[in-house]
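Data first, discussion second: the structure below is written as structure tokens.
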Amino acid sequence: MIKEAIVKIVSKEDLTYDEAYAVMSEIMSGETTATQNAAFLAALSTKSARAETIDEIAGCAAAMRAHATKVETGMDVFEIVGTGGDNAHSFNISTTSALVAAAGGMKVAKHGNRAASSQCGTADCLEALGVNIQQSPDKCVELLREVGMCFFFAQKYHTSMKYVGAIRKELGFRTVFNILGPLTNPATPSMQLLGVYDDYLVEPLAQVLVSLGVRRGMVVYGQEKLDEISLCAPTTICEIRDGWFRSHVITPEQFGMERCTKEDLLGGAPEENAAITRRILGGERGHKRNAVLLNAGASLYIGGKADSMKDGVALAAELIDSGRAAETLERLIAVSNAPDDNVPDDKMPDGNAKGSNAPDDSVRDTDAHVGGAANAHGVVSR
């Protein structure tokens, strides 16, 4: 299938959902060559000014999910994540916001890896905070139940990415995998806040999320080229609510906040970003706290813990100032480092011994109805 798909893409034709699914399934099964994989990724990324279509993204994401280790949680799970690729080098806003959302009673399943476009990815930050990121599926479910937050280390749950990891690094430009990472959480979240690196992705990815089972969520783009709800500029939002979409724009001023520059949100090495997170959860005021309040507030609104995003921002501030968010971090550290007696050392998802932290670059962390006719998979074609 991959040969036919490459010919079709080079001819500037779009793949159907089924074709995209079939090709990605071949890649994830190791049935294709490195040359074919590189040709497919390059052709897909350069097919048009806006690269991949909704069907292509949804088909690839569904196939990648099918080849991942799936985790049944029995809970309504939420994820807050960005595609990366914005080159903002900000501190770990989504990770800090996730801790606040968990403190508010949400079940937050973070999914990511080490840094790609910055110095510090989700895994790096959590590890620097003292969280054990090498967790079995059973342990992650335990963390969700007892703490309200867990972390799926992508390299342990997407072992088929070994077939394309080196190729992605050698290509050196964005591919469809930059978008697929945030769409392939092993816990299949029903709620999600997804930040994207370009405004053209906002509405298409909202449709993709619905096709993948998301009932409530937002896809957001900070107009200062941030894959977060921005404190620096207006933010374009496509809100998802049980199958319908509402597109709108928000500004920091609507929440009584002053704008800042991207430099005000800069992070650094993992230890520095971990210290920033601790200071914010400890009550430190300033632009970094406000950036977290916006994103945590949206998360709490998505999760039904607040009636509006403005109420969510107020609740996020209360969760921080009361110490509940900091307490959630300490509980996450303690429970994640407690022994996982249910899983033998040789039965981790990737076959590594428990506690192993061997590097694997195959997966990197990147921290109103829209017009068109829906196909058989519930995906609206542009």
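Cβ coordinates are placed from backbone N, Cα and C, and glycine is handled just like the others.
Per TrEMBL, the features are:
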type     : residues                                    : note
BINDING  : GLY82, 85-86, SER90, 92-95, 110-118, THR122 : 5-phospho-alpha-D-ribose 1-diphosphate binding site
BINDING  : GLY82, ASN113                               : anthranilate 1 binding site
BINDING  : SER94, GLU228                               : Mg(2+) 1 binding site
BINDING  : ARG168                                      : anthranilate 2 binding site
BINDING  : ASP227, GLU228                              : Mg(2+) 2 binding site
COMPBIAS : 369-382                                     : compositional bias 'Low complexity'
DOMAIN   : 3-68                                        : domain 'Glycosyl transferase family 3 N-terminal'
DOMAIN   : 77-325                                      : domain 'Glycosyl transferase family 3'
REGION   : 336-382                                     : region 'Disordered'
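Note on proximity: of the binding-site residues SER94, HIS111, ASN113, ARG168, the one nearest ASP227 (Mg(2+) 2 binding site) is SER94, by Cα distance. Looking at GLY82 (5-phospho-alpha-D-ribose 1-diphosphate binding site) and GLU228 (Mg(2+) 1 binding site), their Cα atoms lie 7 Å from each other.
The binding-site residues shown are ASN113, ARG168, GLU228; of these, the one with its CA atom nearest the CA of SER94 (5-phospho-alpha-D-ribose 1-diphosphate binding site) is GLU228. In this structure the C-alpha atoms belonging to ARG114 (5-phospho-alpha-D-ribose 1-diphosphate binding site) and the residue listed as 'anthranilate 2 binding site' are separated by 15 Å. The 10 Å shell around the Cβ of GLY82 (5-phospho-alpha-D-ribose 1-diphosphate binding site) contains 29 further Cβ atoms across the protein chains shown.
For the binding-site residues given as HIS111, ARG168, the lowest number of other CB atoms within 10 Å of the residue's CB is seen at ARG168. Cα distances from GLU228 (Mg(2+) 1 binding site) to the binding-site residues SER90, HIS111, ASN113, ARG168 are smallest for SER90.
Each residue of the domain 'Glycosyl transferase family 3 N-terminal' (3-68) gets a DSSP state, and the totals for helix, strand and coil are 46 helix, 0 strand, 20 coil. Averaged across the domain 'Glycosyl transferase family 3' (77-325), the predicted model reaches a pLDDT of 94.
Between the alpha carbons (Cα) of HIS111 (5-phospho-alpha-D-ribose 1-diphosphate binding site) and ARG168 (anthranilate 2 binding site) lies a span of roughly 19 Å.
Put simply, ARG168 (anthranilate 2 binding site) is 15 Å from ASN113 (anthranilate 1 binding site) when counted between their Cα atoms. For the pair the residue listed as 'anthranilate 2 binding site' and SER90 (5-phospho-alpha-D-ribose 1-diphosphate binding site), the Cα-Cα distance reads 23 Å.
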